[in-house]
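Visitor: Pasting the feature list from Swiss-Prot:
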REGION    1-229  region 'Pyrophosphorylase'
BINDING   8-11, Lys22, Gln72, 77-78, Gly139, Glu154, Asn169, Asn227, Arg332, Lys350, Tyr365, Asn376  UDP-N-acetyl-alpha-D-glucosamine binding site
BINDING   Asp102, Asn227  Mg(2+) binding site
REGION    230-250  region 'Linker'
REGION    251-459  region 'N-acetyltransferase'
ACT_SITE  His362  active site, proton acceptor
Amino acid sequence: MTNYAIILAAGKGTRMKSDLPKVLHQVAGLTMLEHVKRAVDTMNPAKTVTVVGHKAELVQKVLEDQSEFVLQSEQLGTGHAVMMAESSLAELEGQTLVIAGDTPLIRGESLKNLLHYHKSHKNVATILTAEADDPFGYGRIIRNQNAEVIKIVEQKDASDYEQQVKEINTGTYVFDNKRLFEALKEINTNNAQGEYYLTDVISIFKEADEKVGAYKLADFDESLGVNDRVALAKAEKVMRRRINHAHMVNGVTLTNPASTYIDSDVIIAPDVVIEANVTLKGQTKIETGAVLTNGTYIVDSVIGENTVITHSMIEASRIEKNVTVGPYAHLRPNSVLEEAVHVGNFVEVKASTLGKETKAGHLTYIGNAEVGHDVNFGAGTITVNYDGQNKYKTIIGNHVFVGSNSTIIAPLTIGDNALTAAGSTIHKDVPVDSIAIGRGRQVNKEGYAKKKPHHPNNK
C-alpha cells in the first residue's frame, strides 16, 4: 500500500512568545520540523505535503525540495489544515499519516509500527496514543466496554468523567486516504473552540460503522508536543539524553553525560573520551582516540585521531591526527591544523593552515596565513592581516623560527629555514635561510637611572 504524509506546520505558536514560527525552534541542533520530517521519511512516503501558514516562506526554506507545500492562510483548526492538502492527495489510493510539526521526539520506528498496525488491522483510521500521568490539556481517547475506540474528546469539551481518562491523543494518525478527505467534508465548527477538529472524523467513521483503532506508544516522551519554552527545554533534555546514550552504546566515553551537549548530526567514533561541559554542534565529526576535555566547544569541525582538545573553542575547522590544542585556544572558521601541530594557551588561529609539527605555544594570533611544516612561533607573535578595509595573506615556509613578540605585517613571505629576531616588526619578504631583524638598536645610558624618583638614593 502506498504511503503519504501530511505535516502540520502552519501555526504561529503564540505561547512561544517568538517571532520565529514554532516549528523552526531547534532541539539538539535541528528544527522541530526537521526532526519530524526525518521520522516521516522512515516510512518512505510517495508524497509528503507540509501545511504552512505563519511566515510560510521561512518554513518552506527549511524543507525546500523535500516536500510539497500548501498554504493555510487562516488557522481554523487541525481539520481545516488537513483540508488544505485535498488538491494534492484526495484522489490517491493509499494510507496517509497526519502529524504535527511540533513533535520532535517521535521516532521513525514508532511511525513504522503505527503504519503496520493500521494496515494489519484493516482500519480506516488509527490513532497514535500514549498513557499520560497528567493528561491535562490533551484530547482523551474514549473507548467502549469492549475497549474499542469510539471518539476523541478535546480537553475543553470533555465531561468530568472523560477528563479522568489517561489515554491521550498524540495528534498523529493514519487514515485511509480517500475516506479521510470524504469525512473532512462533513465536519463543522460546533465546539468550544469554534474550529474544525480533525478528531471529529473519528466520530464520523464510527457513525458509519467503520473500523477505528489505536496504537499506544511505549514511551510517553515521544508524544510531547512543544507549545512553549518549558516544553521546548523538556524536549531538548530528552533528545540529548537519547543522543548521549546512543554514543555511549557505540563506544564513546562520556564522563558526565548530564553536562554533555551533542547535536543530532554529530558523528563520533569509538574510543573517544569526552569530559564534562563539552558542547559539540552542527556537522562536527570526532575521530577515534580523540580526547575533549572540560569546557571544550566545537561546531562544524573535524577532529582527527588521537587529538587532544583542552578547554578550547573550535569553529568550522579541520584538525588532523595527533594534534594538541589548548587550553584556551580559539580556532576560527576555515582553519586547518595538520598532523602533530601544537596550538597552546591563548592562541587564536583564523582562516589559516598550519603544516605538520608546527608549534604556536602561547599568546599568538595567526590570521589569513599559510604556514609550512616544523615552524615555531614564539610567544606574542602576531600576523597583522587587516588594514581596516582588506585582509592580506602571510606565507611562511618550512622550518621557520619566528622569534617571540614578532609582528608580521602582511602581505609578505618568509622563506624556508628563515628566522625572525625576537621583538621584530617584519614588513618585507624574508629570503630563504636568512634572519630578519626589525627592531631599534639597544642603547644603554650608564647612571641615567640615578636621576629618577624610583631610585633608592632619591627616596
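From the backbone N, Cα and C atoms, a Cβ is placed for every residue, glycine too.
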Visitor: DSSP on the region 'Linker' (230-250): how many residues come out helix, how many strand, how many coil?
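Guide: Tallied per class, the region 'Linker' (230-250) gives 20 helix, 0 strand, 1 coil.
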Visitor: Please give the sequence-distant neighbours of the region 'Linker' (230-250): residues at least 6 beyond its ends with Cβ less than 8 Å from one of its Cβ atoms.
Guide: 16, 25, 27-28, 32, 35, 104-105, 221, 224, 257, 260-264, 266, 268, 270
Visitor: So, three-state DSSP: helix, strand or coil for Lys22 (UDP-N-acetyl-alpha-D-glucosamine binding site)?
Guide: helix
Visitor: Would you mind checking how many other C-beta atoms are within 10 angstroms of the C-beta on Leu8 (UDP-N-acetyl-alpha-D-glucosamine binding site)?
Guide: 27
Visitor: Around Arg332 (UDP-N-acetyl-alpha-D-glucosamine binding site), how many other CB atoms lie within 10 A of its CB?
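Guide: Total other Cβ atoms inside 10 Å, all chains included: 16.
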Visitor: State the Cα to Cα distance, in Å, between His362 (active site, proton acceptor) and Lys22 (UDP-N-acetyl-alpha-D-glucosamine binding site), rounded to an integer.
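Guide: With distance taken Cα to Cα, Lys22 (UDP-N-acetyl-alpha-D-glucosamine binding site) is 45 Å from His362 (active site, proton acceptor).
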Visitor: Taking the Cα atoms as reference points, how far is Asn169 (UDP-N-acetyl-alpha-D-glucosamine binding site) from Asp102 (Mg(2+) binding site) in Å?
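Guide: Asn169 (UDP-N-acetyl-alpha-D-glucosamine binding site) and Asp102 (Mg(2+) binding site) have their Cα atoms 14 Å apart.
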Visitor: If you measure from the C-alpha of Asn227 (Mg(2+) binding site), which of the binding-site residues Leu8, Ala10, Lys22, Arg332 fall inside 10 Å?
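Guide: Checking Cα-Cα distances against Asn227 (Mg(2+) binding site), the binding-site residues within 10 Å turn out to be Lys22.
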Visitor: As a test of the contact definition, list every same-chain residue at least 6 positions from Lys22 (UDP-N-acetyl-alpha-D-glucosamine binding site) whose Cβ is closer than 8 Å to its Cβ.
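Guide: For Lys22 (UDP-N-acetyl-alpha-D-glucosamine binding site), the qualifying residues are Gly11, Lys12, Gly13, Met16, Met32, Gly101, Asp102, Val226, Asn227.
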Visitor: Pop the mean pLDDT for the region 'Pyrophosphorylase' (1-229) in here, whole number is fine.
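Guide: On average, pLDDT over the region 'Pyrophosphorylase' (1-229) sits at 95.
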Visitor: Within its own chain, what residues at least 6 apart in sequence put their Cβ under 8 Å from the Cβ of Gly139 (UDP-N-acetyl-alpha-D-glucosamine binding site), listed in sequence order?
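Guide: Sequence-distant Cβ neighbours: Ile152, Val153, Glu154, Gln155, Ile168, Asn169, Gly171, Thr199.
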Visitor: What are the sequence-distant neighbours of Gly77 (UDP-N-acetyl-alpha-D-glucosamine binding site), meaning same chain, six or more residues apart, C-beta distance under 8 angstroms?
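Guide: Residues satisfying the criterion: Thr189, Gln193, Glu195, Tyr196, Tyr197, Leu198.
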Visitor: Among the binding-site residues Asn169, Asn227, which residue has the largest number of other Cβ atoms within 10 Å of its own Cβ?
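Guide: The residue with the most neighbouring Cβ atoms within 10 Å is Asn169.
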Visitor: Return the residues near Ala10 (UDP-N-acetyl-alpha-D-glucosamine binding site) by Cβ distance under 8 Å, restricted to its own chain and a separation of at least 6 in sequence.
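Guide: In sequence order, the residues whose Cβ lies under 8 Å from that of Ala10 (UDP-N-acetyl-alpha-D-glucosamine binding site) (at least 6 apart) are Val51, Val52, Gly53, His54, Ala56, Leu71, Gln72, Gln75, Ala81.
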Visitor: May I ask which residues of the same chain, at least 6 positions away in sequence, place their Cβ under 8 angstroms from the Cβ of Tyr365 (UDP-N-acetyl-alpha-D-glucosamine binding site)?
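Guide: In sequence order, the residues whose Cβ lies under 8 Å from that of Tyr365 (UDP-N-acetyl-alpha-D-glucosamine binding site) (at least 6 apart) are Val347, Glu348, Lys350, Thr381, Ile382, Thr383.
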